[in-house]
Structures are given as structure tokens and as C-alpha cells.
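Presented below is the structure to which this report refers.
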């Protein structure tokens, strides 16, 4: 990159992290710089030109015969772990290699836990993540053009101040020393900025410049200002060489030369284009009364044709009456009510009929809807009856036979009925609302953005958006319902106020004094809160204060409001308050559109819009539609009489230019003929020549104050200028696609450029010197180029002020550096990106932002499908491509060499465009201002000839929204066709099992039990520990009783598994009235006195508060919980099941081994607990035919089931196992071997069991549906046998569910396909069957719910205590070192070392060479060298070690007692290398390793 990378600094604002040296050394050779977040430090690299960056998988997974050596997954999440321990069964070579690998990672010494082995590192892109030190979610991040990390940068008009202390992006060595410093907390940064201030002295010392140099500097800076580049007012202390800043791109620049290079970059051009597009639309004038009237006529037409009328409402009421009669017999106590558009009239004639059933409290919603489904199926009036019980609002769907209308029946949908009641009342009281909403909804329907199942918006939100607009107008038409007139009201307390109902045209609100004060808290969530205040407010404004505004004007204003004025990215659409509600107040992520339902304020009703391309498409449609309705569109008779005169607006020289090139001449002939086909919309005046008045754009703007007028869609604008010399050319630019415009002064042709799409128009005018100076042209030279109206790219008058001051003698060839820079500077005042139809597949600029606060879903990188036409001619009948990408139609190629010669002369080509755009500005302003003159000189035009229509082509420009799956968030398919739905995986049939293979399966299952089950001595030792602890605690807590539960007592425990202890106090049956948190803290204080315990850690924030500690003598980790009595009975139940049949234990141990090897058995990391898998085994054995075990909770001696309540739950089960054959008739009937049962279990959960429809419940034999439990939103549903409200699978994400099911499917194949002999690479059958590279395909379990620092669930990165402590230490040291600048270089290296400890993965192998593992083949070593730079890490200084040891107390080993690692990483925990069980205890997988890496 050379000097290209030097001129920039990156501003460090409150929303952006800092960077280190590697951030600048990596990435695309043609890209000057890149801003990424801190979490990616060390993950990138500098590459050779043309070398494609690829993901590399560090880690040695051993030899997998089925996939070849070093085979791992292609899953990007599989790169998390710094180490991977081999499966339990391995040969000596595996063990030796594993020892070598672990030697550098697990030293078990607190003094050197941060010392990494020097050697090459392989940078790995694990997943798209936010900055580890970035809390604000709207931080700007930029895209690596090779796909390293892509995020979307939102364009904001409010730019940061020039004085903001900033960070160098590249530049002098002094600055490079400081770039590696990680980002500090906002508070500390602000304090540091105050301490540092700015350097004294001017940014540029003008006193040493000569008069000529000073003049040149001033002229150059004037040109830079046009591109939003300004001189800094003061020199930042951190980056003293910075002289300029780009307000658009938020970077610091060292010199004018580097500023010109920045101006030419795609990033800057894109921001300029966005700014100009917005300013163009912003300057459009209000519509004239005639326009408003024409718009109103178009809206009335839509309402009459599609809106609901009285007869339609009567029809829907009749359907409700018919349905009431159908339900009368089986649901006598229920009543029906219409809601939705059938009641509010804010819909269409063919809208669904929404009916809600009100039912008594003794019935449940599932019971009601199941009866509804049954009744409708038996009715003759309704057909096509179906149910969607897995929707957020479960409904029964049917179709009324006579009318054919679709009916959706819900039960207890109270919030929707309240919202409907509100909308209905507003529609009756404010007559303009109904047509406005119907027009808005019809617009959304035409644009295909009202389909939530396809990633669009729910239709009713457009009514809320219209109401919100009417409330936010400068002269509001509707009132808000909460505000400062209410005593004690403030936005921060908005969560305490709720709308309750509508009564007699007033809104009833209620205030509850909630301590939370969170907007998301609703009345239902705080039932114990007592309303302390009620009030009411009118639904509409007083008639005296209500302005009279036509619907047409409201429509144009609404489009402008959402297209330009309202900040959709940061604010919430809430009709409750006048003040703007921020997303932070609602604690909603900053993603796309946020809309609050006034009666269901907790959830964002626009959350179905889950794709950035769809959001960009909606903005595109809003802006396009606003532009269409804001500009005048007329039908004139002259368009029919003199269509060919439109071609006469060409100067003599322009004709020469066209005639000079035969292609242009040919297309000009076509152009003349094409106007005939344009229809009545194409207009022209009678004049044959066109001369532009010699007005500068500034003068024009001052004279007329009107905006440029542009064409869109197929509508054609009729311009009536001041005199007959100025006419409009209405032509179809399809005929000009691909034209080459010849420039005589350079003797060159511009590259082929596809500029037009259907509906765009060409305007050619005489560009004479003295009227408008052509950019870069010489005297007496006029050129003609095409005008692109599609992208809203015309600059405003303000942007065009400097046009007449351009240097005419700039060197077009670029041979003079200074001249070229000046020319490029001038041109870039108007320059945009090359038009979207470039002949290259271009990576998108923007991609979806990551979000920590909600479940993070990976979205695929988007590209714009560009088309290449070799002839330069696009298909005239073809519309735009389907809208598939970032919304950037004018994307530049990422690499300079891809543009070829075109890039060299791009500015010359763009120049002509912008001059013509400037001329169009004048013409339009003249035409809009001087219509009366036009009427005198041209044929009279009746103002009633303004014409508008609702057309999909006009609103969308031929684009269509991207279909996005709501399940996987990927494009191109719907949820019902999602390939990630594991039920859609086609399973291959399994061959019959041979007796020999069955015998092997039996041996494998029994071996698992033998290797992992604890001995009698160990069980006795656990009991001894309990007794010892009990007696010790009783000294301070008299009457204390300790009881073992969990794996220690249920019969399914592993060797060295944790010791779970429940503490109760005699005389207290429950913890009611006991301060559990204080008791746990006191218990921890007492335990610290015990000499045999270490690392006592109270955890009071957990759902069940516990004390964790390490028992020195046994080496066990112990958890003591308080009054976890239900768990004691769960333990008894499992113990009873394990005693019924030995096969139960064998299968449960096999299942636990299987899940540990696949890393799917750790609930703290987002998967299922071993308890949940045990319940899955028991459920399978109960459902087997014949069953292996009974349902103990359904066996009892009397006629009625006994009831024994603990914590409100019946904990009865049949525990007399000796008497079981008497009460269970099928005892002993199942004689299958344990191997058959194990394979049967895998097949049961992959082939038979429907996870979507049924619940895994061991308390009943009959099937239990997820709808009955109302757990339809979960993926795997496992019911606790006693606590029936506890779903053990509630914490699973979709990714983890798919990962678990994939492991089961692969296990079915491995255990279900007989093999005659095991491959030689497998030393034992155990390693063959439990090879994680096969079972999980080499992938690691996803961690989308885990903290990215410590690896645990329950909090996100910004709340991680480990992160806070590290930041606090760094801030203290940074503040200290501010006074000692000579230590900055050393400190920055040490900072980077600490950061890499938590964010970077280390690969250490013998001979210091990285081992690379890829799914297909190993990458060559040279690629690794190219992708990664060796980082020789120095050991940190002693003072940091002591500080780290103090800060990282939460990460401590419960075996050796040392800090800095956890139990599973401790070498003392590994045991001997030859021990099978000890190998298993390492789990060999992600949980231990990822924690170290991410911590």
C-alpha cells in the first residue's frame, strides 16, 4: 500500500474502539485503510496482492480416517478453542502430541499463566463480533473488502466535532506507537481528554509560509471544504501530525496530498453520494395546491377501489354471527369479537377476518382453541380448517365458504383487541386517518413490505406509523396521551405508565409506582403493584385547535417524514408520548425500525423486519415515493402533438459530438422514435433550440428557491420554462445505455458506462463557456454526457456553488500531480460512485450490525448482482435487478485494477454529468417558478391535468424486497423451507445389524459405565465429606442439615464429578422468611475458617444462590445451595429409576459420554444439562414397546393418586421398587440388549419423536403437546418431572439445537452402520464410536448465548466483571503513563499482549510451526505465513502479574487453588495420560479451552 496507508487517523469517539498495528497491516492491498473493532486484533494479516484471505483452522483434531488427516469443520464458530484434547481412546502418538500441545498452555502456575510460547500465530476469524471494549451499539465499523469482517455504517448528519481526540489510522512512527492501545471506558477517556487537552500552537504555522504558498494553501483548503474536509482548530495531543479531518468519514489526515487520496476512495465517495441524495430530497419544495388535489384524487381512487365500506363490514359481522352459532354448543360461556381491520376499517376488502374468543378463567387457551378447531372441522359453513399453534399468537385458520374470506380465530388476544379499539375510535373521530392509512398500507402492499413472514412489517404497524406522524407534525392533527401535564411524568418513568382502555372517546391511563422504571415492564409482569394514579385524555384535539389539511398534503408530508426527517435507526415510533423515545430507554437494540404497540409496550412489533437489505429496500421505496409525489406530474396535449421536438434541445457542438461517434448517432435516431411510444406523459414545447440562461446555481437558488426536479418510474415531467428557448427533453435513456462519449481535447473515450434504466431520461444542453464552466475542460470546448436521474444524485444549489471557480487548466492526463489533485478535488465536489451497472461482482458495502442484547444471528454477506453487457446495450424491456443487496446501487469496484482505464478518467466522465445535473436544477427551478409565463408562450395547460397514480414500478423502480427466512435470518427462502430445520434433513436408511456388531455395541455401552462410574470407596468418601462439613457448619449455624443430591446420589454420577449439597435448617421447612443472600454470604465467611477448603466463592446472583469451594483432600469441587429441596426429590426419583434395570445406568452413562465428547452437555454454555439428557433416556425407555421402565408417577396403590407437596408441587412417585412387578404388568417384557436400546434411542430422537409438537415428559405415558404446555416457541422441550413450569430446554438457541440434532444424526449413522473391522487409525473401538470429528463434523458447539470474554451465559460482554477489571487496570496504568511518555512504546506492547490473552487463539506445535486443519485439505505453509505475522510476545512485568492475579479472582482453579485457569484446564486434573476416565474428564472439547481463549 505504501504511502496510501499513511495519511489517516481514526477518530476515537465514544462509539468506536481503537486499533493496533496489525489492523493496518492486514487486508486488501488496494484498500487504503480499514476500521475494525478491537476484538479482531491479531486476527488479520497483510496479504500478498491477489491472495484471497481464507479462514484457517488452528487446532489438532488428530487423524480422522473418514475425513483424512487434520480434518475439522468449516464452521466459523469452530475456531474458538486454544486447545483440543484427544478422545479418551488414543495411541501413544496421539498422547505424545497432545502432551506437547498442552505443555505451553497449561502450566498451572499463577506466575506465568500469561506467558505464551513465542512462535508464529495464525490469525483466525472466529465469528462476527462487536468490539470487546465497545458498549454502544451504533459504533461505526467498516468492511474489509475481502470479507474479513463486515458491518454496516449508518450515515448520520450530526458529525462529531473537529476537536474530538482521535486515533491515527496510519502515519508517523510516533503515532504508530500509540495505536495499539486498547480502548478505554468512556468515563476514563473523557477524563483523560480533559487532562491531555490539545497541544499548544497552530495546526499549520502560516507565519513561515510565503504569500504565494499561503494563497495556494487557502485555495486548496477551500476545495477540500467542498468535500467536507476541514483544517483542525487545534492539534490533538495524541496525534500531533494530523492537520485535517473529514467530517463525513470521521478520520484525521496529515496533508493535502493524502486528503486528495482520501477523496478518491469509495468510502468517501459513498458518503458524499448519501449526503447529496439526502440534501436533494430535503430541498424539494412543498407541493402546490394543484398537486395536493391531484394526490388526493389518487388516494381517493385507492380508497374507493380497495378500502372497506359499510357493506364489507356487515359481511364480516355476519361471518362472526355464523361462527358464534357453530361454537354455541361446545363453548357456551365464550363470546366472539372482531378485531383488526374488520373492525377499524383500516384495511382492504380482501383482508383477513380476525376473530377473538373471550373465555372464562377456568378454561385455558389451548383447550379453547382445540375445541374451536374441532367445531370448525365439523361445520359446513367453513372450509380449509387448519391450525397454527406455533405462532406467537396461536390461531385456527379457516375460510368462510360463501364469501371466500380467510378467517383467523384466536383466544384471549386482549392487547390486539385494545389496539383495535383505539384505532377504530381514532378512525371515526379523525376522518383523514382512514384514507391516509389505507393509502399507506396499499403502498406497502405494492412494495411487498407488508409480509412479516417474509421479513417485512405487520400490516397494522402502518396505521401506528400514520398516527405517529399526525402527532409529530408541527401542527399536530392528533394528540398524545402521556406528557408533562401529568404530575410526576418523565420519559425515564415511561415504563410506569400504561394505557388501559378507551371509553367514550377518551384514553384511560394508569400509573404504577414501580421501582424498576423500565419501559419494558408491563402491568401483567408486576401484578403486586397497586395503581396509585389513573387519568384520562381525549383521543382527538379540540376542533378549534385542529388545522384543516388535505389528505394529499398529509400523504406527501408523511412520506417526507419517514424518508428524511425521522431517525428510524435510533428512535422508537411510540404514539403514547410527544417526546422522542430512544431505543436505549426501551433497551431495544439499534436495528432497523422500532415500533411500540401502545397496549403491548414490551416488544418491538417491527421485529419481523430482521434483515438489513429489506430495511434498505423500505428506505429506498420511501424516498422514491416521496420524490414522485413531491414533484409535479402533468398530462399535456403538447406531448401528443409534438413529441419529436424533445430532441431539438441539443447544441451544435453537441451534435458534432454525437455525430462523431456512429453508435451515438444510431442511438439518437432510436431516441427520436422512442418518444412516440412514451404516451401522454412525454411532453415538450414548440421551440427548436435551447439556450441556458447564464445564471450561476447560487443565483438561481436565490432567485427561485426551488429544488431540482427529477423523473422517476414511467412518469414524465413536463417542464414549462420561462421562455421558448428553454424546453424539456423527455426521452428514454434505455436507448442510450452503453454510449461512449468522445472528448476531443483528450482524444480518449470514456469507458463504457451503463447509465440508464427504464424510466430515466436524457437531457442534453448547450454548455457554453461563460454560462457554466465544464469541469476540467478548456476554452471553447463543450462536451455532452448522459444524465443519471435514478440515484437522486443531483447536487443542491449549495453544493454547486463552487462550480464556476474551477481551474480550467487542470491537467486531465494526471501527469502533473498538483494539477491532478486540484482537478480531482474539484470534481469530487460532485463525484459519486460509478453507476451500479458495473461489470464486476462487487462485495456489498454494508452488512447487518451485530447485536449483543438479543440472540445473535449470523447473516450472510450480501452482494449486488451486477450485470455485464459486452455491447454496452441493456435489454430495453428489462427492469432493474431484484433488490438483493446493500442498497448501494452505485458501488465502486473494490480494487483499482478492476476499474482499469475507466478509473483514470472517471473524474472527467463524472464532470459532464454533474454540469448537466446543475443545468437541470436551473431548468426545473425556472419551470416551477414561472408556470404563468409558460402558459402565455405555450399551449395552455389546465392545472387539473396534474396526475398521480399508485404504481409498483414507480414506487420501487423495478426492485423487489429480499425474501428473508425468519428462522435462520438468511435470504432466498421462507421459514417453512428453511434448510436448517433439522426435521427436513433426509436420513439415509440404515442396514440391518449383524449379531457381531450388536455385540460390539453392547460392549461399548458397558465400557462407558465401567470407565466412568464411581467406586464404592468414592461414594463413601463423598458421604464423609458431607458429615465433616455438616459438623463444622453447625458450630456457627446450629440445627444445620446437609444433604447430598444430584449425580452424587442419583446413580448416574461420574468419577470426580462435583459434589452438590443442599443445606436446610431444622424447624424451617422452606426458605420463606430467610434472607438467602445474606445466609450464603455468612456461610462463605464461616467456610473460610476451614483449613481443608480453598477458594470459597459465594455466588449470590444465580437463580439458586450457592457457595462454591474446593475440597483439598479429595480434589472435589463442592456447591452448597440453600433449600433446594425439590432437587432432593428429583434425585430420589432418578435413583429409583436407575435401580429398576441395569440397562438404565448403562444407557445414561453412554449418553453422558456421548454428550461430553460432542460438547453438548454443559448448560452453563448454552446447551443441555446432563440431567436433561438423563430425562431423555428415561423418556425413551418409557416409550419403548414394550417399555423398559414404567412411569413411576402414574403407579399408586389406591384409587386416587397421592399428593405430597413440596414448594407447591406434587412430588409423589412409586418408590417401592421391590413391589414393582405387582403394580406394573409389563415388568421384564423388554429383552433388548443395551446396544440395541442405544441405537434405538438415537433413531427414536432422529426419526420418530417430533420435537416441535411434543414434550419429553417422564411423568406421564401419554403424549404431551408443546401447545398444551404453551411452550411452542422452544426447540427442544423437556419437562421437569416435579416442577411442571420448568422447561430444561428453554435456554437452547436455534444454533445449539441444530448442533445437538446434528450430533444425534451423526451418532445414528456411526452406531447404526455395521463395520467388519475398524480402521487402523483407530486404536480401539471406543475411539471409533466416539470420534468428535465425525459426530460433530469437526465443529465446535456454538456460543451465541455466551459472554464473549468469560464464555458463560447469563450476561453479555459489556457486563462481564472480568472485562471491567481488566479495563480498570488498563485505565489506571494509562493515566499513570500519561506523565511518562517515554514508556508509551513499551506500554502499548504490553497492552496488546494482555488483550491478545483474551481475544486471540494460540496455536503451539513442535518446531514452532502452525498446524492448519481445514475441512477439505491442509493449506500450504506459505499461506499461513502470508496470513499471519509472527508475534513474539514478551513476558509482562511483575507489577502487572500481581494486578492480574488480583483482578481475575473469579477465574480460579478449584484443584490447585491457583488463579488464572479453571479446573478443567489444570494439569493436576488431567491424571495419567493412559487413564481412560481421566482423559474423559478433560472433555477434550470446547468448554475448557474456549473459556481460556475468550477470557
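From the backbone N, Cα and C atoms, a Cβ is placed for every residue, glycine too.
For the annotation phosphoserine, the record in Swiss-Prot points to 172 among the listed residues 172, 960. Cross-referencing 45, 844, 1475 with Swiss-Prot, the residue annotated as phosphoserine turns out to be 844. Feature annotation from Swiss-Prot across 381, 600, 724 places phosphoserine at 600. In Swiss-Prot, the zinc finger annotation falls on 1451-1468 of the listed ranges 1433-1450, 1451-1468. Between 706, 939, the residue that has phosphoserine written against it in Swiss-Prot is 939.
In Swiss-Prot, the entry for phosphothreonine among 64, 530 corresponds to 64.
Cβ packing within 10 Å was compared across the binding-site residues 1058, 1060, and the lowest neighbour count falls to 1058. Distance between Cα atoms for residue 1058 (Mg(2+) binding site) and residue 600 (phosphoserine): 44 Å, as a whole number.
Distance between Cα atoms for residue 600 (phosphoserine) and residue 1060 (Mg(2+) binding site): 42 Å, as a whole number. In the three-state DSSP reading, residue 1060 (Mg(2+) binding site) counts as strand. For the domain 'PAP-associated 1' (551-600), the DSSP-based tally of helix, strand and coil residues reads 19 helix, 10 strand, 21 coil. The residues of the domain 'PAP-associated 2' (1233-1286), classed with DSSP into helix (H, G, I), strand (E, B) and coil, number 19 helix, 5 strand, 30 coil. Using a 10 Å radius centred on the Cβ of residue 600 (phosphoserine) and all shown protein chains, the other Cβ atoms total 15.
Restricting the average to the region 'Sufficient for monouridylation activity' (951-1495) gives a pLDDT of 79.
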